[in-house]
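Novice: My questions all concern the structure below.
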Amino acid sequence: MRIATYNVNGIGSRLPALLQWLDETQPDVVCLQELKALQEKFPEAAIKDAGYGAIWHGQKSWNGVAILARGQTPIETGRGLPGDPEDNQSRYIEAMVNGILIGGLYLPNGNPAPGPKFDYKLKWLERFILHAEKLIDSGAAAVLAGDYNIIPTEKDVYKPERWVDDALFRPEVRVAYQTLLNQGWCDALRSKHPDETIYTFWDYFRNAYGRDAGLRIDHLLISPSLTPALKAAEVDRAVRGREKPSDHAPVWIELNL
DNA sequence: ATGCCAGCTACAAGCTGA
(Lines of atoms letter the chains of each structure in order from A; the text may use other names.)
(Lines give C-alpha, C1' and ligand atoms only; values in the text may rest on other atoms or scores of the structure.)
Protein backbone atom coordinates (compact mmCIF):
# COMPACT_ATOMS: atom_id res chain seq x y z
CA MET A 1 0.00 0.00 0.00
CA ARG A 2 1.45 3.28 -1.10
CA ILE A 3 0.59 6.45 0.83
CA ALA A 4 1.70 9.86 -0.43
CA THR A 5 1.60 13.50 0.58
CA TYR A 6 1.79 16.41 -1.85
CA ASN A 7 1.49 20.13 -1.17
CA VAL A 8 0.10 21.24 -4.53
CA ASN A 9 0.20 25.01 -3.90
CA GLY A 10 -3.17 25.65 -5.55
CA ILE A 11 -5.30 22.77 -6.83
CA GLY A 12 -6.65 25.07 -9.56
CA SER A 13 -3.25 25.66 -11.10
CA ARG A 14 -1.81 22.26 -10.28
CA LEU A 15 -4.52 19.91 -11.57
CA PRO A 16 -2.68 18.83 -14.76
CA ALA A 17 0.52 18.13 -12.82
CA LEU A 18 -1.43 16.24 -10.15
CA LEU A 19 -3.28 14.10 -12.69
CA GLN A 20 -0.07 13.25 -14.52
CA TRP A 21 1.64 12.22 -11.30
CA LEU A 22 -1.39 10.14 -10.17
CA ASP A 23 -1.45 8.37 -13.52
CA GLU A 24 2.27 7.62 -13.38
CA THR A 25 2.57 6.45 -9.79
CA GLN A 26 -0.93 5.24 -8.82
CA PRO A 27 -0.62 5.74 -5.07
CA ASP A 28 -3.34 4.11 -2.96
CA VAL A 29 -3.79 7.13 -0.69
CA VAL A 30 -2.83 10.75 -1.25
CA CYS A 31 -2.94 13.62 1.22
CA LEU A 32 -3.06 17.02 -0.48
CA GLN A 33 -2.35 20.41 1.07
CA GLU A 34 -2.73 24.03 0.06
CA LEU A 35 -5.75 23.54 -2.15
CA LYS A 36 -6.29 27.32 -2.04
CA ALA A 37 -9.84 26.77 -3.24
CA LEU A 38 -13.38 27.09 -1.99
CA GLN A 39 -15.10 23.81 -1.08
CA GLU A 40 -17.16 23.87 -4.30
CA LYS A 41 -14.10 24.53 -6.46
CA PHE A 42 -12.44 21.18 -5.76
CA PRO A 43 -12.09 19.27 -9.08
CA GLU A 44 -14.01 16.23 -7.83
CA ALA A 45 -14.98 14.97 -11.30
CA ALA A 46 -11.45 15.05 -12.71
CA ILE A 47 -10.11 13.26 -9.64
CA LYS A 48 -12.86 10.66 -9.94
CA ASP A 49 -12.07 10.15 -13.63
CA ALA A 50 -8.48 9.47 -12.56
CA GLY A 51 -9.79 6.64 -10.38
CA TYR A 52 -9.85 8.30 -6.98
CA GLY A 53 -12.51 8.99 -4.41
CA ALA A 54 -11.91 12.07 -2.30
CA ILE A 55 -12.84 14.01 0.79
CA TRP A 56 -11.65 17.57 1.19
CA HIS A 57 -11.92 20.67 3.31
CA GLY A 58 -11.62 23.82 1.25
CA GLN A 59 -11.32 27.45 2.16
CA LYS A 60 -11.23 30.68 0.19
CA SER A 61 -7.72 31.58 -1.05
CA TRP A 62 -5.67 29.78 1.58
CA ASN A 63 -4.96 26.42 3.17
CA GLY A 64 -7.24 23.51 2.27
CA VAL A 65 -6.57 19.76 2.66
CA ALA A 66 -7.83 16.60 0.98
CA ILE A 67 -7.48 12.82 1.15
CA LEU A 68 -7.77 10.73 -2.03
CA ALA A 69 -8.08 6.95 -2.19
CA ARG A 70 -7.71 4.81 -5.29
CA GLY A 71 -10.91 2.97 -6.17
CA GLN A 72 -12.79 4.04 -3.05
CA THR A 73 -13.91 7.01 -1.04
CA PRO A 74 -12.07 7.58 2.24
CA ILE A 75 -14.30 7.13 5.29
CA GLU A 76 -14.05 10.45 7.05
CA THR A 77 -13.36 10.37 10.79
CA GLY A 78 -12.77 14.07 11.36
CA ARG A 79 -12.07 17.47 9.90
CA GLY A 80 -10.50 20.36 11.74
CA LEU A 81 -7.94 19.68 14.44
CA PRO A 82 -9.69 19.13 17.80
CA GLY A 83 -9.13 21.48 20.70
CA ASP A 84 -10.12 24.97 19.48
CA PRO A 85 -13.62 25.69 18.12
CA GLU A 86 -12.42 29.20 17.18
CA ASP A 87 -9.87 27.83 14.70
CA ASN A 88 -11.58 27.90 11.31
CA GLN A 89 -8.53 27.35 9.10
CA SER A 90 -8.73 24.23 6.91
CA ARG A 91 -5.62 22.41 8.02
CA TYR A 92 -6.56 18.91 9.14
CA ILE A 93 -8.66 16.09 7.74
CA GLU A 94 -8.78 12.47 8.80
CA ALA A 95 -10.14 9.25 7.33
CA MET A 96 -9.97 5.47 7.38
CA VAL A 97 -8.70 3.71 4.25
CA ASN A 98 -8.13 -0.06 4.17
CA GLY A 99 -8.05 -0.19 7.96
CA ILE A 100 -5.39 2.53 8.24
CA LEU A 101 -6.20 5.82 9.90
CA ILE A 102 -4.90 8.65 7.73
CA GLY A 103 -4.43 12.15 9.13
CA GLY A 104 -3.68 14.78 6.49
CA LEU A 105 -2.29 18.05 7.82
CA TYR A 106 -1.06 21.44 6.76
CA LEU A 107 0.71 22.91 9.72
CA PRO A 108 0.88 26.72 9.99
CA ASN A 109 4.01 28.36 8.58
CA GLY A 110 4.40 30.66 11.59
CA ASN A 111 6.52 33.43 10.11
CA PRO A 112 7.40 36.01 11.12
CA ALA A 113 8.69 34.76 14.46
CA PRO A 114 8.13 35.93 17.08
CA GLY A 115 4.59 37.21 16.57
CA PRO A 116 0.94 36.17 16.46
CA LYS A 117 1.47 33.80 13.53
CA PHE A 118 4.22 32.00 15.38
CA ASP A 119 2.02 31.85 18.49
CA TYR A 120 -0.73 30.26 16.38
CA LYS A 121 1.74 27.69 15.06
CA LEU A 122 2.84 26.75 18.58
CA LYS A 123 -0.78 26.47 19.78
CA TRP A 124 -1.64 24.35 16.76
CA LEU A 125 1.33 22.10 17.53
CA GLU A 126 0.18 21.70 21.15
CA ARG A 127 -3.23 20.54 19.94
CA PHE A 128 -1.64 18.29 17.33
CA ILE A 129 0.62 16.65 19.91
CA LEU A 130 -2.42 15.95 22.11
CA HIS A 131 -4.31 14.42 19.20
CA ALA A 132 -1.31 12.37 18.10
CA GLU A 133 -0.98 11.02 21.65
CA LYS A 134 -4.63 9.93 21.58
CA LEU A 135 -4.03 8.10 18.32
CA ILE A 136 -1.00 6.31 19.76
CA ASP A 137 -2.96 5.37 22.88
CA SER A 138 -5.80 4.01 20.74
CA GLY A 139 -3.40 1.51 19.20
CA ALA A 140 -4.64 2.38 15.71
CA ALA A 141 -2.50 1.73 12.66
CA ALA A 142 -2.08 5.35 11.67
CA VAL A 143 -0.21 7.67 9.33
CA LEU A 144 0.06 11.43 9.89
CA ALA A 145 1.07 12.89 6.55
CA GLY A 146 1.45 16.39 5.27
CA ASP A 147 3.30 19.66 5.14
CA TYR A 148 4.54 20.09 8.71
CA ASN A 149 6.42 23.34 8.00
CA ILE A 150 9.09 21.95 10.33
CA ILE A 151 12.76 21.41 9.46
CA PRO A 152 13.49 18.62 11.96
CA THR A 153 17.29 18.86 12.10
CA GLU A 154 20.26 20.66 10.60
CA LYS A 155 20.55 17.83 8.08
CA ASP A 156 17.20 18.86 6.64
CA VAL A 157 18.12 22.29 5.29
CA TYR A 158 20.75 23.41 2.78
CA LYS A 159 22.20 26.14 5.04
CA PRO A 160 21.04 25.73 8.62
CA GLU A 161 22.79 28.89 9.83
CA ARG A 162 20.49 30.99 7.66
CA TRP A 163 17.37 29.49 9.21
CA VAL A 164 18.02 29.71 12.94
CA ASP A 165 15.44 32.45 13.52
CA ASP A 166 12.91 31.13 11.03
CA ALA A 167 9.58 29.73 12.22
CA LEU A 168 10.31 26.46 10.39
CA PHE A 169 13.50 25.87 12.34
CA ARG A 170 13.13 27.60 15.71
CA PRO A 171 13.97 25.43 18.73
CA GLU A 172 10.36 25.35 19.99
CA VAL A 173 9.23 23.83 16.72
CA ARG A 174 11.99 21.25 16.55
CA VAL A 175 11.28 20.27 20.15
CA ALA A 176 7.62 19.76 19.25
CA TYR A 177 8.61 17.48 16.38
CA GLN A 178 10.87 15.50 18.70
CA THR A 179 7.95 15.18 21.12
CA LEU A 180 5.99 13.43 18.38
CA LEU A 181 8.87 11.04 17.76
CA ASN A 182 9.12 10.39 21.50
CA GLN A 183 5.45 9.40 21.52
CA GLY A 184 6.43 6.54 19.23
CA TRP A 185 5.85 8.00 15.77
CA CYS A 186 8.45 7.11 13.16
CA ASP A 187 9.68 9.66 10.62
CA ALA A 188 9.38 7.27 7.68
CA LEU A 189 11.54 9.11 5.16
CA ARG A 190 14.41 9.71 7.59
CA SER A 191 14.25 6.14 8.92
CA LYS A 192 14.82 4.80 5.40
CA HIS A 193 17.53 7.38 4.61
CA PRO A 194 19.37 7.97 7.90
CA ASP A 195 22.34 9.87 6.50
CA GLU A 196 21.15 11.19 3.17
CA THR A 197 20.59 14.82 2.32
CA ILE A 198 17.01 14.68 1.19
CA TYR A 199 14.63 17.57 0.54
CA THR A 200 10.93 17.90 -0.23
CA PHE A 201 10.66 21.64 -0.91
CA TRP A 202 12.62 24.11 -3.01
CA ASP A 203 11.40 27.69 -3.20
CA TYR A 204 10.74 29.41 -6.49
CA PHE A 205 13.47 32.01 -5.92
CA ARG A 206 17.08 32.08 -7.03
CA ASN A 207 16.94 28.80 -8.94
CA ALA A 208 16.62 26.96 -5.62
CA TYR A 209 15.76 23.63 -7.27
CA GLY A 210 18.63 23.87 -9.74
CA ARG A 211 21.03 24.58 -6.86
CA ASP A 212 19.37 21.94 -4.67
CA ALA A 213 18.86 24.60 -2.00
CA GLY A 214 15.98 22.76 -0.37
CA LEU A 215 14.22 21.93 2.86
CA ARG A 216 12.76 18.71 4.23
CA ILE A 217 9.41 19.81 5.64
CA ASP A 218 6.88 17.30 4.24
CA HIS A 219 6.70 14.27 6.51
CA LEU A 220 4.92 10.96 6.95
CA LEU A 221 4.86 9.84 10.57
CA ILE A 222 3.77 6.24 11.07
CA SER A 223 2.50 4.58 14.21
CA PRO A 224 4.58 1.89 15.98
CA SER A 225 2.43 -0.97 14.70
CA LEU A 226 3.22 0.06 11.11
CA THR A 227 6.99 0.44 11.35
CA PRO A 228 7.69 -3.25 10.66
CA ALA A 229 5.63 -2.91 7.47
CA LEU A 230 7.58 0.07 6.12
CA LYS A 231 9.29 -1.09 2.93
CA ALA A 232 10.23 2.18 1.26
CA ALA A 233 10.02 5.94 1.58
CA GLU A 234 10.94 8.30 -1.24
CA VAL A 235 10.57 11.77 -2.70
CA ASP A 236 9.28 12.12 -6.27
CA ARG A 237 11.78 14.85 -6.77
CA ALA A 238 11.58 15.06 -10.56
CA VAL A 239 8.01 16.37 -10.27
CA ARG A 240 9.49 19.59 -8.85
CA GLY A 241 11.54 20.05 -12.03
CA ARG A 242 8.61 19.97 -14.46
CA GLU A 243 6.62 22.76 -16.08
CA LYS A 244 4.53 24.85 -13.69
CA PRO A 245 5.46 22.84 -10.62
CA SER A 246 4.42 23.25 -7.02
CA ASP A 247 7.30 24.36 -4.82
CA HIS A 248 6.91 21.01 -3.01
CA ALA A 249 7.57 17.52 -4.39
CA PRO A 250 5.37 14.51 -3.55
CA VAL A 251 6.65 12.21 -0.80
CA TRP A 252 5.48 8.62 -0.36
CA ILE A 253 5.85 5.45 1.65
CA GLU A 254 5.26 1.83 0.73
CA LEU A 255 3.74 -0.41 3.42
CA ASN A 256 3.79 -4.19 3.08
CA LEU A 257 0.63 -5.12 4.97
C1' DA B 1 18.84 43.40 4.08
C1' DT B 2 15.95 42.93 0.21
C1' DG B 3 13.84 40.91 -3.62
C1' DC B 4 13.88 37.15 -6.10
C1' DC B 5 8.67 33.55 -7.81
C1' DA B 6 3.98 32.03 -7.73
C1' DG B 7 -1.12 31.64 -6.59
C1' DC B 8 -5.28 33.85 -5.22
C1' DT B 9 -8.64 37.59 -5.50
C1' DA B 10 -10.48 40.40 -8.66
C1' DC B 11 -9.16 43.14 -12.51
C1' DA B 12 -4.78 46.47 -9.61
C1' DA B 13 -2.03 45.60 -6.47
C1' DG B 14 -1.78 43.44 -2.08
C1' DC B 15 -1.46 39.38 0.79
C1' DT B 16 0.63 34.99 1.73
C1' DG B 17 3.83 31.49 1.39
C1' DA B 18 8.66 29.24 3.46
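Note that Cβ sites are derived from N, Cα and C of the backbone, with glycine treated the same way.
Unlike curated records, TrEMBL annotations are generated automatically.
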Novice: Do you know which of A:Asn7, A:Asn256 TrEMBL groups with A:Glu34, A:Asp147, A:Asn149, A:Asp247, A:His248 in the Mg(2+) site?
Specialist: A:Asn7
Novice: Compute the C-alpha separation of A:Asp247 (Mg(2+) binding site) from A:Tyr106 (active site), stating it in Å without decimals.
Specialist: 15
Novice: Within 10 Å of the Cβ of A:Asn7 (Mg(2+) binding site), how many other Cβ atoms can you find? Include all protein chains, please.
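Specialist: By my count, 26.
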Novice: So of A:Glu34, A:Asp147, A:Asp218, A:Asp247, which of the recorded positions has the fewest other Cβ atoms within 10 Å around its own Cβ?
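Specialist: Selected from the recorded positions A:Glu34, A:Asp147, A:Asp218, A:Asp247 on minimum Cβ neighbours within 10 Å: A:Asp247.
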Novice: Taking A:Tyr106 (active site) as the reference, which of A:Asn7, A:Asp147, A:Asn149, A:His248 (the recorded positions) have a CA within 10 A of its CA?
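Specialist: The recorded positions close to A:Tyr106 (active site) (Cα within 10 Å), listed in sequence order, are A:Asn7, A:Asp147, A:Asn149.
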Novice: Compute the average pLDDT of the predicted model within the domain 'Endonuclease/exonuclease/phosphatase' (A:4-248).
Specialist: 96
